[in-house]
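See below for the structure under consideration.
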Amino acid sequence: MKHKVKNIHFVGIGGSGMSGIAEVLLNLGYTISGSDLGSNAATRRLVELGAKVTLGHAAENIASADAIVTSTAVQQDNPEVVAAREKHIPIVPRAMMLAELMRLRRGIAIAGTHGKTTTTSLVASVLAEGGLDPTFVIGGLLNSAGANAKLGAGEFIVAEADESDASFLNLSPVIEVITNIDADHMETYEHDFEKLKQAFVEFTQRLPFYGVAVLCLDDATVREIMPRISKLITTYGFHEDAMVRAVDAKAVDGHMQFTVIQDGYAPMQVSLNQPGMHNVQNACAAIAIARELGVSDHATQKALTEFTGVGRRFTRYGEISFSAVNDKPAGSFALVDDYGHHPVETAATISAARGAYPGRRLVLAFQPHRYTRTRDLFEDFVKVLSTTDMLLLAEVYAAGEQPIVAADGRTLAHALRVAGKVDPVFVEHIVDMPATIMNIVRDGDVVITMGAGSISGVPAKLKQMQDQV
């Protein structure tokens, strides 16, 4: 019956997860349309590929749709959703459409609170180098492919599995990865960490009897749930009991060198073209899957050496020049942009920057994401943000939430100041962030812009300001 569905409409098509699925379906021969509130690189790419994208939401946008796909960000009173209900057009949540794609291939699903996008990208890159030509759907731009999705001719599909709304429980993969489990998106789990842990256990139960759960043994919560998992397990990480174990890891000229040891295999020397110990862990997950699927170590080594990363995951913009102002001489600073918005991710990126740029002053421009996350992880943010040398703190990016008393940027800045390890500069309006950075930066600094909200536009503004120097 699926042949009767020809026209698929995406409500919120510009989102990272939505646009990737839309691109794969477009390449499968479906007619794709979609709507979003604004244009971005993803919508422009889809238009170039043949999709019809409309700015703004209206009932007439779904006039020819046989089905519509929605993300969790789309409200039930959206005019396109309302019109679809009235016309009895099937409304498919994004995760369910991803599950349908996974039925067409053998699925490899990457789950975990942190590291999903990079790990998914590493797995896709290694399998591609190994000749398996996978389909992939990633929550960020895979730089080497210039896209966040690709329809491959091979039998595997590699995709992120989203725990934020528990939608990963819709997937039926043959291989799963769990990178780590931390408290985030706790409203989905009634603020009960035990329920979050149980959801990951149930995720592994989606595997067939011959499926494999690839688990990071470095994570204490992953170790805690392992006795509840009744599937084949491969472990990875730095832990001495990990089956795929990284040893002798060190940062060299902005990338990581390490050795992988595993019973039945010769030690493998790896040069990973990404900084940070957390990326060594992510690479070990890719190595475990590559070996499970018969990819040669030589192909794996080549893919990891040539891996160019993912958009907004420690993206390096090179050196940015600035002019002399008053008593400050002209100079330049290294600019890095990152999507991290959880204290664990922030700590990992700061650590990676210390390794990639030893001895240089670290300036962090951070935009908290969501009032609920800022409230729930307030003390963790104070602890982590205090480890930078200079902090520019933006107001919280609401992401549709209403403000919460004492969970705003100004309160967080005050708490950091009281803690006494860093004296933050509070930047109330994100449009002022580029100029603020240019005013305080010194020659030789490393500037990291970080967050999941509108701070993503700051690097481009800094580059524009450099061009005017």
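Every residue gets a Cβ built from N, Cα and C, even glycine.
So that you can see what the record holds, here are the features copied from Swiss-Prot:
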BINDING   G112, T113, H114, G115, K116, T117, T118  ATP binding site
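Cβ crowding, taken as the number of other Cβ atoms within 10 Å, peaks at T118 among the binding-site residues T113, T117, T118.
The residues near the ATP site, meaning same-chain residues not in G112, T113, H114, G115, K116, T117, T118 whose C-beta sits within 8 angstroms of the mean position of the site's C-beta atoms, are I110, T119, T179, N180, N282, in sequence order. DSSP classifies T117 (ATP binding site) as helix under the three-state reduction. Look at the binding-site residues H114, K116 and count other Cβ atoms within 10 Å of each Cβ; H114 has the fewest. G112 (ATP binding site) falls within neither a helix nor a strand when secondary structure is assigned with DSSP, and so counts as coil.
G112 (ATP binding site) counts 24 other C-beta atoms within 10 Å of its own C-beta, drawing on all protein chains shown.
Contacts of G115 (ATP binding site) defined by a Cβ separation under 8 A and a same-chain sequence distance of 6+ are given as T179, N180, H278, Q281, N282, in order along the sequence.
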